[in-house]
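Listed features, source TrEMBL:
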type     : residues : note
TRANSMEM : 23-41    : transmembrane segment
TRANSMEM : 53-74    : transmembrane segment
TRANSMEM : 80-103   : transmembrane segment
TRANSMEM : 115-141  : transmembrane segment
TRANSMEM : 153-180  : transmembrane segment
TRANSMEM : 187-205  : transmembrane segment
DOMAIN   : 220-466  : domain 'CN hydrolase'
TRANSMEM : 476-497  : transmembrane segment
Amino acid sequence: MTVLTLVLLATLGAWLGFANPVFHFPLAALAFPLGLAWIGLRATSGRHAFKYGWLAGLLAGTGCFYWMVIPVQIYGGLPWYVAMPCPALLAAALAVYYGLFAVGMHHAGRHITGIPLCLLAGLSWASMEMLTGMVLSGFPWMNLAAAFAPWPFAVQGASIIGAYGLSGVLAALAVAILLYSTYRSTLVFAMGLAITLTAFGLYRVNALDSGTADFTVSVVQGNVDQGMKWEPRFQVETIEKYADLSRAAIRDHAPGLVVWPETAMPFYLQDASLLSEAVRQLARETKTPIITGAPAYRITNMELRTYVLYNRAWLVDDTGRVLSSYDKEHLVPFGEYMPLKEWVPFEKLVQAVGDFVPGTDNRPITVDTVALGVLICYEGIFPELAQKQVEQGAQALLNMSNDAWFGDTSAPRQHLNLTVMRAVEQGRWLVRSTNTGISAFIDPAGRIVARGEQFQAESLSAAIAPINETTVFHRVFPWLGSAIYALTALCFAWVGLRTRNNAKG
């Protein structure tokens, strides 16, 4: 195969393997690391490997992130000529990691072969994905393990080594498949990995104790048009829609909690207004607690009339009192805040970007006796945030999101798959409430036990179980990432030493 053919192989694997609106086949995602490793091993130099690895990452990422144009241009208010390049610009930045992976395979392949090379590929891939979740605010959207979320048996390894670690195992499997024709031992290795992942996955899915599901939750999906949502004349209509759907869910299922999505209420719930009173009155009338998303503010200087904004989840109890809240901790750059705003030379282009500040109190919200760890919007794609919630005592996880920003694209499906991984990693039920879909109830094995339809105003109800036991991943999390980084660094240090010694010889 030519190098460009390998670029297309890797790109096609990513396009088909990650959720997309045309055809999704999770196993195809293995072609992405396989193609990148092949590029590295076939390259004539490190520079050559980086160039084509970066190109494959650029094409794959642009295909996965095409939906970014919609929130940036339609809802963000930025001109089309600014919005159109955004998917490629983000993909170009993340493609650096894939270029470096190809470079690593190029240099390592000169000194190690067979199973050791597969193991190094796995460590490198896991390290790379962890870095994508950390550097420059983090955006670990193209998580290899999450591509397999529609197959619950395939992702159970995340309960031991997390989504990033499982991605590394899958990358090692892909490279073993690549090398099997040259090194027969890698065929045995690949078969062993595949059998182990499948057998453990099937065992855990069938044997896992999901607890006694006796706490019923109803999520309300309002399907409110994002373009009209914030206009004052539609505020009463929005409340009435959520109230009607909630009353029907309470009448039919008698839930212990009703959940509305991120920023479901387009006003400041903390203000003493008729709008806020309508929400409180609904909780009193139905004698049911409500968790709803709504913006919040805190005045920082009364004289100067300055304030800061929060993306907040509010708990209104069955007497209409606001008992507790959670402020979003990990904000979306260029969406909820502008990084380095004072340095941005095109201020007029970013006027529609939010100006929120991150929350500092990440304690779970307790309803009745159930502690719910809240993850707002894309906080659900970060393992460390779910880890923090469970550390603080969360017995179940709650993801409140507003995927209306993405329109009818593959983004909501990709977002759901990423969120599924948090349930598996932490061994917790996960309740997902969204404005336009995809709302869902996910059990601790990552199975979607109830799922709503996109772009329909509806409610969804299911019983969940509060769980106190922790997974292996939760217990090893404090040192797992450091161990993976250290092993990767030691391996490449050894490769570098071999390269230098060979040059001297």
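Heads up, the Cβ atoms here are built off N, Cα and C, so glycines get one too.
TrEMBL labels come from automatic prediction, so no person has curated them.
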Cβ-Cβ under 8 Å with the transmembrane segment (80-103): same-chain residues at least 6 beyond its ends: 33, 36-37, 39-40, 43, 46, 49-62, 64-69, 72-73, 124-125, 128, 131-132, 136, 139, 142, 349
Whether the transmembrane segment (23-41) meets the transmembrane segment (476-497): three or more C-beta pairs under 8 angstroms: no
Sequence-remote partners of the transmembrane segment (53-74) [C-beta within less than 8 Å, at least six residues beyond its ends]: 6-7, 10-11, 13-15, 18, 20, 32, 35-36, 39-40, 80, 82-84, 86-88, 90-92, 94-103, 141-142, 227, 334-335, 405-407, 409-411, 414
Local confidence of the prediction over the domain 'CN hydrolase' (220-466), expressed as mean pLDDT: 89
